[in-house]
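So the structure is just underneath, and the comments pick up after that.
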Amino acid sequence: MSWGTDLWDQFENLDKHSQWGIDFLERYAKFVKERLEIEQTYAKQLRSLVKKYCPKRPKDDEPRFTSCVSFYSILNELNDYAGQREVVAEEMGHKVYGELMRYSQDLKAERKHHLQEGRKAQQYLDQCWKHMDNSKKKFERECKEAEKSQLIYERLDNDINATKSEVEKAKSQLYLRQHMAEESKNEYAAQLQNFNSEQWKHFNVAIPQIFKNLQDMDERRTVKLGEMYRSFAEVERRVIPIISKCLEGMVTAAKNVNERRDSGIVVESFKSGFEPPGDFPFEDFSQNIQRTGSDGTIGTPKTEGGKPDPKHAVGRTKNKLWLFGKKPKAPTLEDLSHLPPEQRRKKLQQRIDELNKELQKEMDQRDALNKMKDVYEKNPQMGDPGSLQPKISETICNMEKLRSEIHKNESWLAEVEGKHGSRSERRSSADVNHHAPHGRESPEGSYTDDHSQEHRSPPQPDPHEFDDEFDDDDPLPAIGHCKALYSFDGSNEGTLVMKENEVLYVIEEDKGDGWTRVRKQGGEEGYVPTSYVEITLEKNSKGS
């Protein structure tokens, strides 16, 4: 079937149909746009929902219960699912809606061109018809005038009273009208022949071609719509595997819920380590009552040590019955002594692990800076080695502070565990190259509050910690010497005052606690921070 032959006289209807086709295509494009807006809104609401129920939490508040972990896993999967809905909206906007709108503009331009060609052809045919009609009317008028002139001539020719001049004049007028009628006839015949020719071309060549172009355009529009329907479905199909994985992740999270493990976490989180309260002693208030010999009352046992103090007994146990009353709120202390033993032990161990991680980072940074310094010393054009020294010193100071904090927390942990041995037994692998010396603990570190000092003060030692190390009558032999890089006030007992660039004897190496034992020229001995001195050990030890 061809529009050009079967619908040769339906120009107006084809005009309306082609416009309807473009309107329908744009209507579908509007449907796709509203659909992708729904997807965008849905994805946005899903993300808001996930954000609402999965707020940012401090590291210590991370959920540990399997039910909570599974729920947050489901929220993460739901967030990924929302991302796939955003992908659907984006693909619909780009591959379907955008393509439809571009194609619609092309169709409008093409339809306009074909319709203009059809109207031009129709206008030309109308113009030919007007020329033919005008020549026809002129021929008709000339024929009537010729007939009228003939009647006048015949009347004068038969009239005996008419003069010869009048007859000749009527005769010449008749000849003139007949000639004009003949010319009009020829012109009318030519215009008629031309119109018939143009009309045949119009309905057999021009209009069929224009209508065929409109038919091709409409069929391409129909094919395009089918392709867009398929693309619309393919956008959804492409995300189904990922959405299925999200749903599988939710099912896996549901399977990971373990009630026994959650119960164990509750025990681990709230176990105090205290023993349950013992039995209440019997408090005999009838001891002051005099009994007769005939009294058959069975005597009650007396509490050893005399009459118990009821107020003391009750007051002593009241605060321990946390199971039946509200646990008193204690202030937060640095050593966590406000916590029950078991909780305190866990918190201290967690703090020690974090400090060891930070210490390892500082050590790695120090090693990296030293390597960079060596590179600068070998290749001065790459940089100034001296520019790295402040950063190296700062890193060493941070290491000393962290070691002090670790030691302090390990002491508290040993107190909780009932172990007062050497801290080297619990040192983590992060500080494997810094073992505590045998026979003594490294002094705790502190920072001076005096901001006028150029360098920080060393860790604060225990006042009686180094006493036993200076009780020997025989001085230790020097195993090397050192030069002070910084001044050290030695304000704490067991430490030694030194000035910058001062040369001292080394009598005992750093055993991993950050302290080196030295002796001055005058014989005074003490400990100084290892990071404050530049040590040179000798192969053979020499006496003082």
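Including glycine, each Cβ sits where the backbone N, Cα and C put it.
In TrEMBL this protein carries:
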| type | residues | note |
| --- | --- | --- |
| DOMAIN | 1-262 | domain 'F-BAR' |
| REGION | 292-314 | region 'Disordered' |
| DOMAIN | 338-415 | domain 'REM-1' |
| COILED | 345-379 | coiled coil |
| COMPBIAS | 414-457 | compositional bias 'Basic and acidic residues' |
| REGION | 414-479 | region 'Disordered' |
| COMPBIAS | 465-475 | compositional bias 'Acidic residues' |
| DOMAIN | 477-538 | domain 'SH3' |
**Report entry** the domain 'SH3' (477-538) - residue tally per DSSP class, helix then strand then coil
**Finding:** 3 helix, 32 strand, 27 coil
Report summary line: Summed over the domain 'REM-1' (338-415), the DSSP helix, strand and coil counts are 72 helix, 0 strand, 6 coil
Requested in this report: State the mean pLDDT for the coiled coil (345-379).
Outcome: 88
